[in-house]
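Here's what TrEMBL has on this protein:
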BINDING   Asn102, His107, Glu112  oxalate binding site
BINDING   His105, His107, Glu112, His151  Mn(2+) binding site
DOMAIN    61-204  domain 'Cupin type-1'
SIGNAL    1-20  signal peptide
Amino acid sequence: MYYCTLVCSFIALAMILALANSFLGNARDPDILKDFLIPTGLDPSNITSQFFTYTGFRELVNVNTTGKTAAIETKASMKEFPALEGQAVSIAALTYPPSGINPPHVHPRAAELLIVLQGVLEVGFVDSTNKLFKQTLQVPDMFIFPKGLVHFQVNTRSDSPAYALGMFGSANAGTVSLPNTVFASGISAEILAKAFKTDLETISKLIAANNITKAA
Ligand SMILES: *[C@@H]1O[C@H](CO)[C@@H](O)[C@H](O)[C@H]1NC(C)=O
Ligand SMILES: *[C@@H]1O[C@H](CO)[C@@H](O)[C@H](O)[C@H]1NC(C)=O
Ligand SMILES: *[C@@H]1O[C@H](CO)[C@@H](O)[C@H](O)[C@H]1NC(C)=O
């Protein structure tokens, strides 16, 4: 309930901030020559307020973190919310289990503003000179992860979940997860062993541990 109230009160602020982010920052989503884009197959006369409404976050009250170690991300990008196409904004709700992490990852097409809704998060990103910028955030602090840089979040509390919203200056920011990209993409163990200066056995363990098919 607490989460829902917070989401409701922050959502307007969140969208304004995401908009500001896309206007002031280096927005790269293409400009459109219409008020909004209508997905192919949908009759323009059938576009109503419903098309501009996203209700998927209602499901957040049912997110179950029991037994999970990684954050659960509920996205509202243009795939889930087609009205966002051409508007250069999107948002994701993050639910962190106790001590849960959002593993190091990159959004190739947008900067991300993260706002903490409940709990205490340790966050960080690494710039292109390999310098780490770390911070501990409490409600309702915000942090910006610059576009395309590796970043992560950790729930610092072991006895309670944490919640945050990530806001993007793209309708389709994309996510490249480092563990998956490196160990679950089919890059050969030989290449990885050389790249990480280790042996095949260690790499095989990492590949097995990061098997997305198995985890699903
Ligand atoms: C438009 O809405 C009408 C009435 O709901 C429906 O019968 C029709 O299939 C819709 N057309 C398209 C192209 O979605
Ligand atoms: C949450 O998930 C755990 C582990 O999968 C399960 O045992 C439990 O019944 C679930 N709780 C609810 C309320 O669905
Ligand atoms: C990943 O898990 C699936 C299902 O258990 C298995 O079929 C597949 O061989 C595994 N892949 C690797 C690279 O271990």
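We number each residue from 1, going along the chain as drawn.
Just so you know, glycine gets a Cβ as well, placed from its N, Cα and C.
Not measured: the values here are computed from a predicted model.
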* To do: Enumerate same-chain residues with a sequence separation of six or more from Glu112 (oxalate binding site) and a Cβ-Cβ distance below 8 A; give 'none' if the list is empty.
  => Ile144, Phe145, His151, Gly166, Met167, Phe168, Ala173
* Fewest other CB within 10 angstroms, which one of the binding-site residues His105, His107? -> His105
* **Under 8 Å by Cβ from Asn102 (oxalate binding site), counting only residues of that chain that are 6 or more apart** => Ala70, Ala71, Glu73, Leu94, Tyr96, Phe152, Gln153, Val154
* Using a 10 Å cut-off, grab the number of neighbouring Cβ atoms around the Cβ of His151 (Mn(2+) binding site), all chains included. => 21
* Asked: Could you count the residues of the domain 'Cupin type-1' (61-204) that DSSP puts in helix, in strand and in coil?
  -> 23 helix, 59 strand, 62 coil
* Can you list the residues of the same chain, besides His105, His107, Glu112, His151, whose Cβ falls within 8 Å of the Mn(2+) site's Cβ centroid? -> Val106, Phe125, Phe145, Leu149, Val150, Gly166, Ala173, Thr175
* Asked: What is the average pLDDT across the domain 'Cupin type-1' (61-204)?
  -> 97
